[in-house]
Structure formats: structure tokens, C-alpha cells
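Per Swiss-Prot, these features apply:
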{"type": "BINDING", "residues": "Thr7, Gly8, Gly9, Asn119, Arg159, Ser187, Ile241, Gln286", "note": "UDP-N-acetyl-alpha-D-glucosamine binding site"}
Amino acid sequence: MIMAGGTGGHVFPGLAVARAMQAEGWRVIWLGTRNGMEATLVPQHGFTIELINFSGLRGKKPVSYLLLPWRLAKACWQSFCILRRQRPQIVLGMGGYPALPGGIMAVLSGKPLLIHEQNRIAGLTNKILAKIASRILLAFPGTITDQAGKIQVTGNPVRTEIAQLPSPEVRYAKRAGKLNILVVGGSLGAQALNTVLPQALSMIPGNQRPFVTHQSGKVHLAALQQAYAEHGVTGNLVAFIEDMAVYYQNCDLVVCRAGALTIAELAAAGVASILVPYPYAVDDHQTANARFLSEHHAAVLWPQSELTANSLAQWLMTCTRTQLQTMAINARMLAMPEAAQSVVTVCQQLIETGP
């Protein structure tokens, strides 16, 4: 049984593991919530999902905290009933609030519990479950340190087509002329990037100006098109990118946020990046994620508060493809492309040996 929900940062890694399990003949059941994206996304990928009633607390009104004991007890009972009905051999928590009651009841039911933490700073659910889990799987070394005997670093599961891209040495060596930049703000876009990029491009002489593909998010596409037009620059402006592997393969540089999956994909693809962490992320975990690449000279960490059109334009005009290739090679050296299979292997070992 896989438990994950709330955001794509938990659900998509869970789906990657689910597919790896399914490929080995496993029956996979998902535990999620009715209001999370997993309720529709998981069935679309062909997996059975069981739903409980539970939600996160961060940012909620004080009354939500008063109701927490009742809501948690109810969710635990629902999880217990599902566990008794489905009888999984092992339970894997991938983070997000549905994993909390499910993880608690898995342990109380005598089921082996593994948790996987995608970010460099652990989320609240995994901080709690780490104390009772049989195994703790991490995307980044050092995220959890007080359970040393139970920890294994597996990396974050990424899509196979990204992990199988040619090496940076092969890709970058064939290129000449203007840089090719990919700007990604996530499925909802990043307004700070949408504002700064067209203005920065307008400050670069036409004969030096990079080719740009800019994913804006559906809501912001019209405004982005207007901004590019007002600044007299052009680009391939899209609301959403389905096949990221193709764009990673063809670009010299990615400008993006620093979600855990983005970091894993940049490393797996082997591509240089400017990382602009979302400044309001819980516990500022995106900055911690970004440092994993920047500390290894595989990316530039650029706080949003310091990102201006002028500074970005100056950086792009002085940057060379050779420098970007070096960053891309460094990124690829940090990749863990077998992460999904590693998670499955640990699950299999735990089934065979017990908690």
C-alpha cells in the first residue's frame, strides 16, 4: 500500500514507485484523501485508491487545531478498516497528510512501514512517522539524522524518459550559436519568473538574445504573451509542457523553482539551471533543495528577493555554453536514476526479513 497525497511533490514520486512495483507483478493499493489531487490522478494511472477524510493543518484557523484529535481519530479508524480489508504486506508512506493516520495504523496493525522523504527538509508527517517506521528512505543525505540505523538514501523517483537522456557531454558538444533557455514555473507557473524574464531578455542585444521556451501556467499565459510583446521580445510561450524530457534534452539552461522533483529531474537529465526557490514554501525547503545542486556547482541559487531583470540580463550575457556544460555534468554526477527501483528493492527486503 502506498500512502501519499496533497501535492504533486508527493503523488508523482509515489506513482513512479507504483509503476515499478506493478512491473514486477505487485498489486498496488493507494491510500489518499477525497479532496487531494490523488483522488483523480491515481485512478487515471490505473491504480486502485482508497479514500479517507483528512487534511493538512498549516495555514488553517485555530479551530482546526481544536478539532484535530477528532479528525485524526476518525481518519485512523478509516485507515484501520482499509488496512484490514486490503491486507497489504507492506505500507509505504510518500509524504503528505493522508500518510499520517495511515502510517500510525499500519504500525499498530503490525504492518512494516517505510517512509520516503522527497525534500531536503523533512515534512511534518515524515518527522512524526520516522520515529515509528521500520525504514526511512531519503532523497537527500542528512535530511533525517536521529534514526541512523533505519536510514537509506535512494534519491527521488523520476520519469524513465528523463533518466535515459544522453549525457551532457554528448548533448552540449553538438551546439553552437545562441543559448537555448527553458523557463519553468511548475504547472501553475511562477509569477516572479513571468515578470522578470521578458524584461531581462529585452535588455540583451538581439544578436546575443537566447531562444526561450517559457512555461507560464494556464492562468498566466495571456499576461505573459502581453509582457513579451510589450518588451519587444519573442519566445515559445506555453501554458504547460507535457514532455519535459524533450525540452530538457534540447535546452542549455533551465530557470525554475526548486521543488524536490525538479531538483531530481535536473540531476537526472544533466542540465544547468538557475534556481529561484519559492520564498513562501513551508520551512523554506526549496532553498535547502536548491543548495544541494548549488553546493556542487551544478546550479546557480538565486533568491527571488535578489532577482532583477538587469542582474539576470548581465548574467546571461556573460555566461558561456562551456560553463553551462560544466554545470550540467556536475548535475548529472548527482543523479540517482534508479531511485524508484531502489525503493521497491527495500520494500521487498523488508517483506522477506520483517521489520
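Note that Cβ sites are derived from N, Cα and C of the backbone, with glycine treated the same way.
Structure with Swiss-Prot features highlighted.
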{"residue": "Thr7", "record": "UDP-N-acetyl-alpha-D-glucosamine binding site", "contacts (Cβ under 8 Å, 6+ apart)": "Met37, Gly96"}
{"residue": "Gly9", "record": "UDP-N-acetyl-alpha-D-glucosamine binding site", "contacts (Cβ under 8 Å, 6+ apart)": "Gly95, Gln118, Asn119, Gly259, Ala260, Leu261"}
{"residue": "Arg159", "record": "UDP-N-acetyl-alpha-D-glucosamine binding site", "contacts (Cβ under 8 Å, 6+ apart)": "Ala16, Met244, Ala245, Glu265"}
{"residue": "Ile241", "record": "UDP-N-acetyl-alpha-D-glucosamine binding site", "contacts (Cβ under 8 Å, 6+ apart)": "Val184, Thr213, Gln215, Tyr247"}
{"residue": "Gln286", "record": "UDP-N-acetyl-alpha-D-glucosamine binding site", "contacts (Cβ under 8 Å, 6+ apart)": "Arg257, Ala258, Gly259, Pro277, Tyr278"}
For Gly8 (UDP-N-acetyl-alpha-D-glucosamine binding site): DSSP state (helix, strand, coil): helix
C-beta crowding around Gly8 (UDP-N-acetyl-alpha-D-glucosamine binding site), within 10 angstroms: 15
Number of other Cβ atoms within 10 Å of the Cβ of Asn119 (UDP-N-acetyl-alpha-D-glucosamine binding site) across all protein chains: 27
